[in-house]
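Asks: Handing you this structure, nothing more for now.
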Amino acid sequence: MAGTGVFADVLDGEVYKYYADGEWRASASGKTVAIVNPTTRQTQYRVQACTQEEVNKVMDAAKVAQKSWARTPLWKRAELLHKAAAILKEHKTPIAESLVKEIAKPAKDAVSEVVRSGDLVSYTAEEGVRILGEGKLLVSDSFPGNERNKYCLSSKVPLGVVLAIPPFNYPVNLAVSKIGPALIAGNSLVLKPPTQGAVAALHMVHCFHLAGFPKGLISCVTGKGSEIGDFLTMHPGVNCISFTGGDTGIAISKKAGMVPLQMELGGKDACIVLEDADLDLVAANIVKGGFSYSGQRCTAVKVVLIMEAVADTVVEKVNAKLAKLKVGPPEDDSDITPVVTESSANFIEGLVMDAKEKGATFCQEYRREGNLIWPLLLDHVRPDMRIAWEEPFGPVLPVIRINSVEEGIHHCNASNFGLQGCVFTRDINKAIMISDAMESGTVQINSAPARGPDHFPFQGLKDSGIGSQGITNSINMMTKVKSTVINLPSPSYTMG
């Protein structure tokens, strides 16, 4: 159970503590932030409302701890990460329980997120040893006009203090995808979890604490964005920001100055369906891609662009599958669970009502109870409808009928987003050409968009992000190249 057993230190009465300098603390503010259960719409947990002064102390401790950590042998860093991964997986049940109650994640998916997170940390440890254990040697006579009298030795060194800000929908997995690379690379890390998902993140951080990482190396501060949000992202002690979320990331990027940024900011992932596609495969992937976790995924299918000739058939197949989805509370392993907040549900409803006023075809009756919205497919959506462009982050999916591939590509590329997309066709040549034409960070062929496997590159174009994620890319992003040049008194040549 959350906050009990090995996690008892995380809880102070009814309020979860924040983590600083190797210990769990109550904030001097005396204030708390409520976490509302999306299903019951009642306060489920409370976390500390940290102050700016507490953030300053966390940053000071992180800076000191990082200097020592950078001198820790690479194998030792990896060893501790493996230990944290094992502890995380061992205690998956209470963490998954928090995910169910904080963000209404279906129980089976909540457990999977924790296990996947442990696997990610272990892989990061192995990958870090591989890529950080290698250097590079350059010799001067490979560039015109130079003799062989200079040797350049280059290696990767840490950036310093990494600020990690994960989103509510994967508060554990998208936290460790930042924590693991930062730590193996020799950085310290300050985590600011989302409010919804903070308790699961705090439990995850305790697993790193139990693994024995040095004091001050990892910190986790909770609180109101209005109080510590900008203060964190603009803090002079931060040397790198890794953020996953929405429009807030654009604001951060404008304020971050010279700090390296890694950002994933959402998408309007397009699914282009050609006449020659396997229509059963298409329908299965539209349902999986568009409605898993109630559509609250950055890589969810968010608009279907389908050739008119096969549209009726696919819509019929999708509707048949939607009718079989289980709608209800996450504890029952429902397929469709409540969206995370009432404001999210209201936003989704606004998109639905706009589509209704403008003549979209409702394949199901629109139904909502509190934060719970039943799955809805909207056919005959036109570009003048908001849902054609805006990201609902809910179980509502628009279908736009097209008469040419070019029309589909044009709609995809007219979006200000460019995270992922997918194309369904049996013609691999067409698939590759369409992929090349789509302005998306990743294009899936004959499968719905997906973030994983976690070692694959993951990046967005346009307003969908800055930089690339994935384990290898994240490690490289959280380091900088350091070169040492050896100047010889005279040219050196190989034997012979």
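Cβ coordinates come from backbone N, Cα and C, glycine included.
Not measured: the values here are computed from a predicted model.
Annotations per Swiss-Prot:
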- Glu264: active site, proton acceptor (ACT_SITE)
- Cys298: active site, nucleophile (ACT_SITE)
- Arg116, Asn169, Tyr170, Arg297, Cys298, Thr299, Arg451: substrate binding site (BINDING)
- Lys192, Thr195, Asp230, Glu391: NADP(+) binding site (BINDING)
- Gly245, Gly246, Asp247, Thr248, Gly249: NAD(+) binding site (BINDING)
- Ser404: phosphoserine (MOD_RES)
Asks: List nothing but the largest Cα to Cα distance in Å, as a whole number, among the residues Lys192, Thr195, Asp230, Glu391 that the record says bind NADP(+).
Replies: 25
Asks: If you take the centroid of the Cβ atoms of Gly245, Gly246, Asp247, Thr248, Gly249, the listed NAD(+) site, which other residues of that chain have their Cβ within 8 Å of it?
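Replies: Here the non-site neighbours turn out to be Phe243, Ile250, Ala251, Ile252, Leu265, Gly266.
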Asks: Going along the chain, which residues six or more apart from Gly249 (NAD(+) binding site) have their CB under 8 A from its CB?
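Replies: Looking at Cβ-Cβ distances below 8 Å from Gly249 (NAD(+) binding site), excluding near sequence neighbours, one finds Phe243, Met263, Glu264, Leu265, Gly465.
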Asks: According to DSSP, which of helix, strand or coil covers the residue listed as 'active site, proton acceptor'?
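Replies: DSSP assigns the residue listed as 'active site, proton acceptor' to strand.
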Asks: Give the sequence-ordered list of residues that share a chain with Lys192 (NADP(+) binding site), lie 6 or more positions from it, and have CB atoms under 8 Å from its CB.
Replies: Leu163, Ala164, Ile165, Cys220, Val221, Thr222, Ile228, Gly229, Leu232
Asks: I'd like to know which of the binding-site residues Asn169, Thr195 has the most other Cβ atoms within 10 Å of its Cβ.
Replies: Asn169
Asks: Rounded to a whole number, how many Å is the Cα of the residue listed as 'phosphoserine' away from the Cα of Glu391 (NADP(+) binding site)?
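Replies: Answer for this pair: 24 Å between alpha carbons.
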Asks: Which ones, of the recorded positions Asn169, Thr195, Cys298, have a Cα no more than 10 Å from the Cα of Gly245 (NAD(+) binding site)?
Replies: Asn169, Cys298
Asks: Mind checking which of Asp230, Asp247, Glu264, Glu391 has the fewest other CB atoms within 10 A of its CB? They're the recorded positions.
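Replies: Across Asp230, Asp247, Glu264, Glu391, these recorded positions, the one with fewest Cβ atoms within 10 Å is Asp247.
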Asks: For Glu391 (NADP(+) binding site) and Cys298 (active site, nucleophile), determine the Cα separation and express it in whole Å.
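Replies: Rounded to a whole number, the Cα-Cα distance is 9 Å.
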